[in-house]
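Notes for the one structure printed next.
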Amino acid sequence: MKARLIMVGPPGAGKGTQAKVLAEKLGIPTISTGSIFRSHISQGTELGQLAASYIDGGNLVPDEVTDALVRDRLSQDDVRDGFILDGYPRNVHQVSALDQILSDLEVSLDGVVKLDIPDEAIVGRLLKRAQIENRADDTEDVIRHRIEVYHQETAPLIDIYQERGQLLQVDGTGTIDEVLQRLVQSLQDFLTR
Ligand code: ADP
C-alpha cells in the first residue's frame, strides 16, 4: 500500500520509530528532517554546522534551509508514489511551503498521522533516549524547550490538516508493536474511507 503521509506529534511521541516501521511495512521511504540534519552534523558538513547551532538549543532550523532540503528530497524518483515525512512540516509556514512543493510536483497528500502522547510521558521517554543515543538536544532543559516549541509552532498545523479532513489521530502509548498495529489498522480504515 503506497501513500504519501506526514507524521506529526510531540518530541518523544515515537514519530521516528513508527515512521520507520510503518514505512518498511508499506514499502515506501521515510524522510526524516531530524535524521538528515543529524547525519550532516556527524559528517561535519556546512549544513550540519548551521543546523547544529539551532538543534543543540532545541530551536527550529530556519525555514528556508529546511524547505530547500525537503524540496530536493521530494523531487527524487523513489518517493514519487509514496513517502512518510517525519518532522516536516513543523510550523504553519512549512505547511504552505509543502503545499507548494507538492503542487509543483503534481502530487497530493493522502493523510497526516498524529501520534498522541501525554506531556508527562514525553520527558521520561526522551531522557531515556538521551542515555541510549547520546543526542545533544536530549538534556532536560532542552527537552522542555522543545516541548514548548512544539506547542507554539507545531501544534497549530494540526488544526489546518484537521480542517482539510486529512488528520488521523492515533494513540501513541504502549509498545512499539501495539502502536504500529493500531496505526496500520486506522490508516487502512482512513485511506479506504
Ligand atoms: P524530535 O521530534 O524528537 O524533536 P527530530 O529528530 O524530529 O526530533 O528533530 C530534532 C531537531 O531537528 C528539532 O528540534 C529541530 O531543531 C530540527 N528540525 C527537524 N525538523 C525540522 C523542521 N521541519 N524545521 C526546522 N527544524 C527542524
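Glycine is no exception: its Cβ is also placed from the backbone N, Cα and C atoms.
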Same-site residue for ATP (record: TrEMBL; known: GLY12, ALA13, GLY14, LYS15, GLY16, THR17, ARG129; options: GLY82, GLY174): GLY174
Record-annotated AMP site (TrEMBL): member among ARG135, ARG164 besides THR33, ARG38, ASN59, LEU60, VAL61, GLY87, TYR88, PRO89, ARG90, GLN94, ARG146: ARG135
For the binding-site residues THR17, THR33, ASN59, the one whose C-beta sees the most other C-beta atoms within 10 angstroms: THR33
Fewest other Cβ within 10 angstroms of its own Cβ, chosen from the binding-site residues GLY12, GLY14, GLY16: GLY16
Those residues of the chain, 6+ apart, with a Cβ under 8 Å from that of VAL61 (AMP binding site): THR33, PHE37, LEU50, ALA51, TYR54, ILE55
By Cα-Cα distance, the member of binding-site residues GLY12, LYS15, GLY174 nearest ASN59 (AMP binding site): GLY12
